[in-house]
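S.K.: Residues or ranges marked as transmembrane segment in TrEMBL: A:6-29, A:64-83, A:90-108, A:136-160, A:191-213, A:219-235, A:242-262, A:268-286.
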């Protein structure tokens, strides 16, 4: 029993990690006032880039960084559309969700001839080394990405609430006109935050393919970007709240996996669990949400 | 220059420019990865137009995405983003298959019953999204995506049930023949077989394809939606909610009610799309590893159509042609067929940034004016 609980916890943490990266990406973009529903497409591009680069170079860290870079470039498109050109941010996000997976599949097919890639030569390391998987310690031998995700959350909290930069970002997200009169460049902050959101989402995709499943398949990222967005809402736009929300979704996934082995409930029904939980959580717990006020509204300099 | 800028603001110009940009970006990517764009586009064209069979196949492929496109258009008019069209389409196929296998009424009644069942399923599924949006303010994109995945697993679940699962396969039984499309039943009837055999054109266009009456229903639906939105009081109320919620509320138009109604009609269209897929093409559902994207492609169709119901017909045909013809790019010159996905994404992106085109013209105009 104790072992089962430990196993449940370790799987929870494992599956929450890509979500945390994606959700922090969504958070940073929303905080600056840009809705980014393209997280899914950026995570998928990150997932495939990570595998391709790791496969080509043999270094998983190179793959991890490349994933961030590729998704960052994709996010730049979203930034240009939604900040400079004042496009409808939902439509632009949809386009990103088409372009990202399109490039992913194009790239993997070009490189491997198929879209289900072979396993990468090396995964990202685990905190106690890849071999220490015996005894109680084995359950706590997390992927390094788990630690990175936690550090990222702490960093996000510190940056948003304890630094001048964070205050500026929040001001831009709440009331860009006021921020503008104080001499803060709304455009610059939004560009930076949207690109950063892409980089983080790319890391999230890489955390899936380089730490959890070790190869890329077209379903490696299946709705994770959107669950991450739901986590941002459920976490009420606060880093630790978002972190907790991701853990809850990780728990749903872990339950689905563990109960699936028991054969009590059909696996297809269990697979619905994380998605049902997302809706249930939003219905039951999210009232009087406090989204950044200017989120989704393009900023026009000089307009009140 | 001013006139040029004005032209650039027109919907049709935006559409054409966006399509051109899509081809341009695809050409650059193909060239960078070592394929000849000219060859690829020539093959794409051949894959769409060179045989009557291909053209019919494009029409067959266009039918579901015209309807899901209409679904997205309709919701968008009320200010809602129906990304849940995928799930509504899937529940449409599920209910269509369940009715088609369990009931066996006379031909036309069975066919209509299946369509009605699919529409009802889609409508209810859409209503969930609308209800959660209206009552709890939950963003329709989040609920929509979650319901898409739930529908996806529900379809796979139905395939595993003993009542529906065809042994030794990864699919359900086929629906009863009474529920199948009129053209299919004609083709399978004795006189029909004779007729198809004796006419090379019929053999090519009907015998070797899944041609079905779905396209007629899709076109009729597009016209009907246009009429509802433009010519009826309900349509006016819905569009008012889409334009300005506060104004609608002031005029005594209930925002909540209209949001739910809009999502029901939108869902019914996507469900109809799924039901027509069952009666006309697949006749069953299969276990799938990933969604078939009929709903997601409907989003692209709606964007390119500039949210015009009639435009959705043409946008649906274009994207169906690209996806169908794109398959031959891969089989002939080996370039990944996903280039089409990138192309479609780029087209949608350029539709999103439509403001760019007149902006460029205006800037150029100012430069020219300065020099002059």
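Indices start at 1 and increase along the chain as displayed.
Every residue gets a Cβ built from N, Cα and C, even glycine.
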S.K.: May I ask you to check whether the transmembrane segment (A:191-213) and the transmembrane segment (A:268-286) make contact, with contact taken as at least three Cβ pairs under 8 Å and only pairs 6 or more apart in sequence counted?
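M.R.: Result for the transmembrane segment (A:191-213) with the transmembrane segment (A:268-286) is no.
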S.K.: Quick check for me: are there 3+ Cβ pairs below 8 Å between the transmembrane segment (A:6-29) and the transmembrane segment (A:219-235), leaving out pairs under 6 residues apart?
M.R.: yes
S.K.: Do any residues of this chain, six or more beyond the ends of the transmembrane segment (A:136-160), have a C-beta under 8 angstroms from a C-beta of it, and if so which?
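M.R.: For the transmembrane segment (A:136-160), the nonlocal Cβ contacts are 3, 6-7, 9-10, 13-14, 16-18, 20-21, 24, 27-28, 31, 124-129, 166, 169-170, 200, 203, 206-207, 210-212, 238-240, 242-243.
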S.K.: State the non-local partners of the transmembrane segment (A:242-262) in its own chain: residues 6+ outside its ends, Cβ under 8 Å from one of its Cβ atoms.
M.R.: 4, 7-9, 11-17, 19-20, 23-24, 27, 149-150, 153, 227-228, 230-232, 234-235, 270-271, 273-274, 277-278, 281
